[in-house]
Amino acid sequence: MEFSSNMSDADNRVILNVGGIRHETYKATLKKIPATRLSRLTEALANYDPVLNEYFFDRHPGVFAQILNYYRSGKLHYPTDVCGPLFEEELEFWGLDSNQVEPCCWMTYTSHRDTQDVLTILDRLDLDTDKPTEEDIMKKFGLEDEYKSGELNCWQRIQPKIWALFDEPYSSTGAKIIAVISVFFIVISILSFCLKTHPDMRVPVLFNTTSKMADGNTTWRLQKKETEPHEAFFYIECASNAWFTFEIIIRFIVAPTKLDFLRAPVNIIDIVATLSFYLDFMLTKLQQESDILEFFSIIRIMRLCKLTRHSAGLKILIHTFKASAKELILLIFFLVLGIVIFAALIYYAEKIQYNPENDFESIPVGLWWAIVTMTTVGYGDMAPKTYVGMFVGALCALAGVLTIALPVPVIVSNFALFYSHTQARSKLPKKRRRVLPVEAPRPKGPKPMGGGGPGGAQNRRMNAIKHNHQGSLDVKVNRIVQGGALQELMPFRSKSTFLGTACMSLYKTSQWMIFQLRLMHSYDF
């Protein structure tokens, strides 16, 4: 009976060779999670080796250790020494759901998804400062097939080159020169816009005033009505806007997609700022100056956003704020909530005691004080005079510090994440070695008994038995004699009587030993 029980236990075990590491478990363990690859193992599979009595999978052995533990314990843990996409790929191969990862490992496991989102954003930002190849430029225009086949017409050859001159500062020496000229005119235009408002940079507008004296004589004198910018600023703006106009027209003509060009925020700012100059010039000539139009000319300052095309750091900063939009909205919400609450508190606190110098005449006036206090600016134009008001002011200052300080680490961490990945990408080689996704098919037909030569499949298995499993033949034969591992070699399922089982065991043992002798005869020991 002990012999029969040992045979039954061996029949229920299965050996899995994953990436060269052998795992042994019970078949019932693999049945715990149905509809998976391991739950459907049969000896008819191509990766089953009848000589070694094992299933071979060319997969990651470290990940499989956690997967097999999932079958045993029902808890899926994430190994920290592998990358997240590799873990997901292995789970998909074994037919497991990645959402079954335990909560203790969930944050570590899903961190790679945030990294992939960051890398996707960086791909869209196009932060590479290396010289793009002609093939990369042609891909932006959808002309890679025509470029490879040499079927480009004259315009298709010229358009990408002109576009690279104006939109790819690192594509050539000429593109760098044009980028320097563009940045020069941006800086000059903004300096001119700012300096012309300085009193020392303006000239007075004089006009004659004629008046009659008491004795009947007529006198005249010069009066300063207003001041206007020096004439040199007008010529500077004309030269700058002439360049901006030329640049906009050329970039629009050679743009890969005209609609995407017009939708870009930087291009919208550039077009509106240039149009505002021409409209201001026309109204000045018609002597119909408008203060509202002059106010909207402030959009010319926004030309600084064009520098983002030449600075990766500015692009990262802008997208850091985009990635931190939820935290910024939460910050604004709590600030508004605190401002309204403390404005009402300070208004009523200053009215509790007698205060002839009360600065808080209404709650809207208190809103200004609450904004200045919570943002820790403190102009000092308004201040509480009573003890209750001072207590409310202290609470307002403390609440403002805590409210502003809490979201700041999130924004800083997002910027560090973007910046670190940008630096890492800049150090990666642009051309990686190509790995062909080709897997050698495993034969599904019957194995030859001999004559395969030293390089045949049977000889390789015998070599594996000799070197990787030293003494395994002797161990198996001894276990057969002892009656403990017959099913590991040639499994059978007859469990009728002890005599029938013993006879069948002897028959199968003799067949297996003849098979092994033939194999050893075909391999020169």
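Placement of Cβ uses the backbone N, Cα and C atoms for every residue, glycine included.
Here's what TrEMBL has on this protein:
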{"type": "DOMAIN", "residues": "12-112", "note": "domain 'BTB'"}
{"type": "REGION", "residues": "429-461", "note": "region 'Disordered'"}
{"type": "TRANSMEM", "residues": "177-195", "note": "transmembrane segment"}
{"type": "TRANSMEM", "residues": "328-349", "note": "transmembrane segment"}
{"type": "TRANSMEM", "residues": "387-420", "note": "transmembrane segment"}
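Packing against the transmembrane segment (177-195) from elsewhere in the chain are residues 165-166, 169, 201, 233, 236-237, 239-241, 243-244, 247, 297, 300-301, 303-304, 306-307, 310: each is 6 or more residues past its ends and has a CB under 8 Å from a CB in it. Long-range neighbours of the transmembrane segment (328-349) within the same chain, counting only residues 6 or more positions beyond its ends whose Cβ lies under 8 Å from a Cβ of the stretch, are 321, 360, 362-367, 369-371, 373-375, 384, 386, 388-389, 391-393, 395-396, 399-400, 403-404, 406-407, 411.
Confidence for the domain 'BTB' (12-112), expressed as mean pLDDT, is 90. With helix defined as DSSP H, G or I and strand as E or B, the domain 'BTB' (12-112) counts 44 helix, 20 strand, 37 coil.
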